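Take a look at the structure below.
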Amino acid sequence: MSGKAQLVLEDGRVFTGTAFGAIGQTLGEAVFSTGMSGYQETLTDPSYHRQIVVATAPQIGNTGWNGEDAESRGDKIWVAGYAVRDPSPRVSNWRATGSLEDELIRQRIVGIARIDTRAVVRHLRTRGSMKAGVFSGDALADPDELVQRVRGQQSMLGADLAGEVSTPDAYIVEPEGPPRFTVAALDLGIKTNTPRNFARRGIRSHVLPSSATFEQIADLRPDGVFLSNGPGDPATADHIVAVTREVLGAGIPLFGICFGNQILGRALGLSTYKMVFGHRGINIPVIDHATGRVAVTAQNHGFALQGEAGQSFDTPFGAAVVSHTCANDGVVEGVKLADGRAFSVQYHPEAAAGPHDANYLFDQFIELMEGDR
């Protein structure tokens, strides 16, 4: 870590610090994550594709980097850039195979350190997530020029990104023990902990590209269909929405997480919108309006469904309801068909990192598939 670096926002705000990770230029949407742990899971989450993540935890890197906690295949880092306050000068964890900065350099991720991340977060909280860039080394230039580079990039609004993070080829994750069910999982940016949760429950997962057709899904004769998390604007995902409607029409049990919640919502007739600064953290409370229970959840989303708590609405597939909302701001956190054949949540029951309050939803999906046999 050495040399000057700058985080430049599209509204002209500039934060000067030191280079952290690779040297050069990176562009993306500036967002912040309030998680106090789990930075490796955050960096490797495909949902952060094309985003510069600002860490609110004051010190990052204490536990280094290991070969077990990544949420992407091949341990790929998906964030566009990383901004931290105080990078740990030493690694202290028995599983660590190297330092965080070494891994950022190896994967050519441009970052910045020694900036006032609290000031950055307050700015983004007030002004909203926005286009940004991190510049160091030869990429540094006059601030006005850097602002123009930042403004010239594509907005996250209207960005179709699921295909950029999805697997190009189908693959299978085998269950632990005898197979009980087969699930077709549409990879829109799937985290590796999701198939692991299925595997622990005896589910064989056929992970399919985001371009998969309903015919390809039906050929697998799955007991259920899963819609994964992922990046980008759900309003662009017309193909996936159309496939989801065919799945609903066929009566196949369906479960969605995060981006998958927005896809199911769109398939049921709801619209989506871009949030001011989104939900990104591991301590976000969600109300289940069927039971009144509150779960503390892990979340990572900058778009949401339009709707109100407990709202019922008609769809071509029967009555549906807004099943969950955020206790902090009322944002829609789940939808379902009234007959229970399809349901989804905006948060991450697989956690990684985060609480396991909502892990029971995987068992709920199994109950749905059992009842459909």
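Keep in mind that glycine also has a Cβ here, set from the backbone N, Cα and C atoms.
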Please state which member of Ser47, Ser72, Ser88 Swiss-Prot lists alongside Gly230, Gly232, Phe259, Gln262, Asn300, Gly302, Phe303 for binding L-glutamine.
Ser47
Which active-site residues sit within 10 Å of Gly230 (L-glutamine binding site) - Cα, from Cys258, His348, Glu350:
Cys258
Whole-number Å only: compute the distance from the Cα of Gly232 (L-glutamine binding site) to the Cα of His348 (active site).
17
Going by C-alpha positions, which of the active-site residues (Cys258, His348, Glu350) is nearest Phe303 (L-glutamine binding site)?
Cys258
What kind of secondary structure is Phe259 (L-glutamine binding site) part of, going by DSSP in three states?
helix
Considering every residue in the region 'CPSase' (1-179), what is the mean pLDDT value?
97
Show me the subset of Ser47, Asn300, His348, Glu350 whose Cα is within 10 Å of Cys258 (active site, nucleophile); these are the recorded positions I mean.
Ser47, Asn300, His348
